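Quick look at what TrEMBL annotates:
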type     : residues : note
TRANSMEM : 20-39    : transmembrane segment
TRANSMEM : 59-83    : transmembrane segment
TRANSMEM : 103-131  : transmembrane segment
TRANSMEM : 151-172  : transmembrane segment
TRANSMEM : 192-213  : transmembrane segment
TRANSMEM : 292-322  : transmembrane segment
TRANSMEM : 342-367  : transmembrane segment
TRANSMEM : 387-404  : transmembrane segment
TRANSMEM : 424-447  : transmembrane segment
């Protein structure tokens, strides 16, 4: 009897493992297909020229697609865990959701951590070096020579990173136990290295997210149709049409020898056509789209941003009075045991919306920074090297998103797997400083955003605008026509 029970338990465990593996594979396959279509939309078509380079580009494309799929999985990891916890609470005995359990959630977190390490330290460096390799001098050119050079470069890079982290650990924590633990490559060294990368990712999010929260208003203003207040769109379209015809006549009258003037006029004509298209879109838009959608979206963005800042402020107070607010490790109940939100399912839905909002804002802020402005991908005109750089950047941001969301108190869902083993998450001063900096920087960015028009007018009234004290060239609000066809005024 005991033997039959043991066999039954083994079969049940086997079927459970097969079911979880199948679910993980299907989820990742969907993410991989979506990521492939996204990358091919931006990849430059002219990259595939020769046979050897085509194979190298194809391999780099598959590795980049894999990395982008892992990034998407890391973004969806925390929202999926939160909604799964609420579903298990609401339907604990439902037969159709028996596949959704704590074992599956823990497995997804462990796979996300494993694949993030694999992509960050192996696949993406391999794709970059493989793309740039030509083979060692004296060897026969081909794929094998390029693979050999790539492997050698990866080995040298691994030794360099190993030495840097070893020296840094010796300088920071110089004791025999920490030095001895660095020799344990799998159990300590790789998690320690990933902890450092996670800290860098959280610092990058701290820089990008506040900028993105303020830039979201400008981006949505460019995508949506603004209300028509005291404007004559027909007159603006007529003026733009006359300007377009004048530029076309100037282009047809210039000789082909004046190449510089022709290129400059073609660029100006392209800008005029773009502005004309936007004005025509505004004219064709319905009254509901102009007068309801735009104000509703702006109010929604303002509410989400305000709630994020308020949650961070509440988390700062909790950190000062309650040590359980620290994001270190897993201490709470298991998956499906208790709701982690005060407002139940509604609170969980709000947390998920805020997490996605912070991720979108961080990506917008990342590409808005001047240092990363050249990383912005262009449709059908992005090289594989730039695609690899974008995939690595998004991977670092997405891997740090669950840690940032828990550190800021956006959610109370405990970090699972290796995400909860980061050493710096147990440092009270680092976590408190992170929350304070996020709240202060976000508030300053929002104040700067909403007072830019008043500030510009004050500088003009005082005659200080010639000194360029107010730099708003990024938004192009003071010097260039906006998307709705008129210059922004106070």
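The backbone N, Cα and C atoms fix where each Cβ goes, glycine too.
Because TrEMBL annotations are produced automatically, they should be read as predictions rather than curated entries.
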Query - Contact call for the transmembrane segment (424-447) against the transmembrane segment (342-367), three or more Cβ pairs under 8 Å - result: no
Query raised in the report: Are there three or more C-beta pairs under 8 angstroms joining the transmembrane segment (342-367) and the transmembrane segment (292-322), sequence spacing 6 or more?
Result: yes
**Report entry** Distal contacts, the transmembrane segment (103-131) - CB-CB under 8 A, six or more residues away
**Finding:** 16, 20, 23-24, 27, 56-57, 59-60, 63-64, 66-67, 70, 73-74, 77, 80-81, 84, 146-147, 149-150, 153-154, 157-158, 161, 190, 193-194, 197, 335, 384-385, 388, 391-392, 395-396, 399, 416-419
